[in-house]
Amino acid sequence: MVKRKKFISMIMAVSLLGGVLAGCSSNSGNSASGDNKTTPTAQADSKNEERTLKMMTGVIGGKTPEENVKFEKEIERLTGIKVTMDKPASDYDQKLLASIASGEKYDLLQVSKERMNTLIDQGVLTPLTDQVKASKVLSDPSVIPTDEWDQVKTKDGQIYGVFTKYQGGTMPIVRKDWLDKLNLPEPKTLDDYYNVLKAFTEQDPDGNGKKDTYGLSTAGMYELQGFFSAAGLKQRYVETADGKLDVPYSTDAAIPVYEWLNKLYKEGILDPNFATNDTGKMRNMFLSDRVGMITYWDAWVGMLNNTRKGQDPQTTFEAKGLPGAADANGNYMLRRGDPDVWVIPANAEHPKTAFEFIEWWNTQDGIMLGSLGIKDEDYTMDNGKYVLTQTGKEHASDHGVPFWYNSNVEAPFGKLPGVQEAQDLVNKYATLELTPPNWSEAEKIINEYSFKAIMGEMPAADAVKKMREELKAKKLID
Amino acid sequence: MKAILKYKTLYLMMLPILAYFAIFSFYPLVRGLIISFQNYRLIGDRPFVGFDNYMTVLKDPVFWDVLQNTIVIGTGIFVINFILPLILALSLNEVASVWFKKVTQMIVYLPHLFSWVVVGGMWILMLSPDTGIVNQIIQLFGGDPISFLASDKYARSVMIFTSGWKEMGYTCILYLAAIVNINPSLYEAASIDGASRWHKVRFVTIPQLSSTMKMVVMLNVLGILRMFDQILVMRNGAIADKVDVVMMYTYQKGILEFNIGPATAAGFLIIFATLVISFVTRALIRYDEG
């Protein structure tokens with residue numbers, strides 16, 4: 001009896017506590033919506049808006065907390081805007097989510113396009129379409145090429161985010177020096193690729209007398225666009241002519257490519273660790289002469305070359321970007337990365353200043369800060385010329401903007417070897433992929449059967465059939 | 001009231017810890033419960049939607065898939081984490097050399113101190129089909145290399161085994177500590193009755209360990225549905241459908257898709273399930289009876 005009484009009173013206590021806290025929190029919910037209502041007023045008298053900004057960034061800013069403080073000061077020196085910049089050291093998305101949800105008000109956020117779409121869905125971003133159109137800086141095609149805006153436009157043509165930098169694309173990256181050593185031409189078709197990769201595996205391209213090299217390594221299914229290009233298939237989703245969503249990798253046209261990959265796996269040409277590799281492991285294999293081809297970002301062509309040059313100035317190592325395998329009509333298809341954008345949340349207190357900052361970020365001063373870094377810290381001026389300090393060299397001209405759109409601003413030190421060619425390939429052949437909100441669910445199914453097909457646990461035709469059935473059953477394709 | 005005044009220093013000393021739990025456990029818990037009934041947006045109003053989030057989760061086939069994985073892997077880990085340490089502790093107890101016993105104890109305890117990021121990374125390397133030590137041993141005996149972490153067949157077993165390997169030392173120490181506490185006169189009495197070494201283990205040590213076993217069972221049961229770091233570190237696209245657990249689902253919905261409502265609802269379903277499982281287990285093993 002006593003036990004039961006205790007139990008009942010405990011339940012009552014808990015529910016009471018719950019009630020009290022629920023009361024508190026519904027209040028806070030109300031106040032959040034209240035804030036929303038005050039935003040228009042805030043915008044109305046934005047002319048006399050205080051010139052301060054609070055922003056959260058992932059890759060933009062100083063490399064250390066100390067440098068980040070200097071970064072804030074440098075922005076103030078250059079623009080007169082007082083800036084507080086939160087730059088979490090890791091788990092950016094989690095921290096972004098937590099701080100916005102807990103009621104922190106930011107004027108500017110740096111997010112990926114994918115994240116921007118989620119935020120648009122939740123209705124928490126300020127549309128910038130009119131401001132972008134009216135902006136002298138941003139509407140100038142030499143600052144941001146007109147076509148590029150299509151990347152960030154929503155279906156109804158609205159713009160919510162402005163590019164923080166030029167985002168490249170991914171492609172197969174080959175050891176050009178190995179190609180030359182083995183007297184092989186650059187591969188064009190899937191068969192050419194097979195021959196080259198086989199030679200990398202079997203003909204001892206690193207010359208150490210051991211059969212310890214692979215032709216190709218990837219980080220899982222992260223990036224195989226360059227090979228599916230041979231069948232003219234786009235990674236992730238496409239919208240068909242009648243407006244339906246489809247996954248090209250799950251169509252019959254993909255079967256020969258899976259079979260080709262399976263051949264590589266069976267013959268030991270594809271790194272057997274490809275399923276468990278992360279991109280770091282994949283890069284290390286490439287840098288340590290264990291694999292002749294990987295699939296990665298254009299900018300990394302230069303960084304890979306630079307890393308090996310740094311270790312050994314005499315090295316013959318040469319990484320080179322390739323356009324992937326051509327389809328029957330000789331066309332190539334590469335993948336473009338989702339761009340990073342600046343967005344202004346709906347509850348921003350200084351939206352005008354935030355937009356002013358975005359404009360400035362795309363001018364000479366902004367770009368130099370985002371790339372080279374801070375004056376007298378990362379670089380000095382010598383007779384109008386930029387000179388990198390030791391810190392500046394360590395930071396490799398990347399404070400969030402390694403590359404940019406603005407063609408009026410020249411890179412003071414040029415680009416790392418191989419990058420320009422790789423970027424040209426991206427500009428010529430790469431297109432953005434379509435990523436609907438439930439992509440992570442679809443990805444799981446696509447991965448599962450793709451791996452089975454590549455590793456030979458299932459004939460490619462069966463794997464594709466099952467993949468398609470399951471995508472349909474879970475309503476992930478129309 | 002009198003009692004409170006009498007022990008006021010004790011109550012005062014309890015305050016910090018109470019505050020700690022209130023701020024870092026109970027408040028988030030209650031807040032989470034509220035969010036699980038809301039259509040949660042990051043900024044702006046968050047209307048209450050009743051049980052919609054829970055229905056979304058319960059109607060999601062992915063949730064049932066991951067729940068199945070959780071139960072299979074969780075049960076495996078539960079069993080292996082109960083039996084392996086027991087065998088180890090009983091064997092170590094029979095070892096006469098103190099030095100050997102202590103070194104072994106330390107070695108098996110070490111993995112417990114490392115995070116899953118380290119342990120998982122290590123096992124990914126050790127199980128690698130070309131350079132991993134496990135496959136090199138298999139090849140030494142003429143076998144073909146196996147992609148343990150990329151194969152449907154082995155993925156769950158690998159998760160269960162590595163978890164057993166990591167946590168074995170910790171539970172083993174709980175058992176060893178209990179064994180030390182067993183009254184020596186029981187063994188003497190058994191010797192007088194002519195018991196063999198095996199008989200002493202079977203009829204004295206094991207029965208005397210029952211309360212520790214109950215505690216181990218309870219601790220493991222509470223952890224079953226919470227598996228996360230191990231899976232996050234060791235999963236990959238090839239085996240995700242076999243090893244993704246409920247917490248991965250919550251992570252995917254909440255952090256990757258910013259879909260906080262359903263993610264919190266899934267989290268609460270887990271809390272609720274853990275509550276039920278632990279009540280049932282308590283009753284089954286008669287935990288309260290010492």
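Glycine too: its Cβ is placed from the backbone N, Cα and C atoms.
Note that this is a predicted model, so its numbers are computed, not measured.
Summarising the annotation, TrEMBL assigns domain 'ABC transmembrane type-1' to B:67-281.
The transmembrane segment annotation in TrEMBL covers B:12-30 (among others).
If you look up TrEMBL, you'll see B:71-95 (among others) marked as transmembrane segment.
If you look at the transmembrane segment (B:107-126), the same-chain residues 6 or more away from its ends with a CB under 8 A from one of its CBs are 88, 132-134, 149, 158, 162, 165-170, 172-173, 229-230, 232-234. What TrEMBL records for B:107-126 (among others) is transmembrane segment.
Listed as Cβ neighbours of the transmembrane segment (B:168-190) (distance under 8 Å, sequence separation of 6 or more from its ends, same chain) are residues 81-82, 84-86, 88-90, 92-93, 105, 107-112, 199-200, 203-205, 208-209, 211-212, 215-216. The annotation transmembrane segment is assigned in TrEMBL to B:168-190 (among others).
What TrEMBL lists as transmembrane segment is B:211-228 (among others).
Marked as transmembrane segment by TrEMBL: B:265-285 (among others).
Note on the transmembrane segment (B:71-95): residues 101, 104-105, 108, 156-157, 159-161, 163-164, 167-172, 174-176, 179, 197, 201, 205-206, 209, 213, 216-217, 220-221, 224-225, 227, 243, 245 of its chain, located 6 or more positions outside it, place their CB under 8 angstroms from a CB of the stretch.
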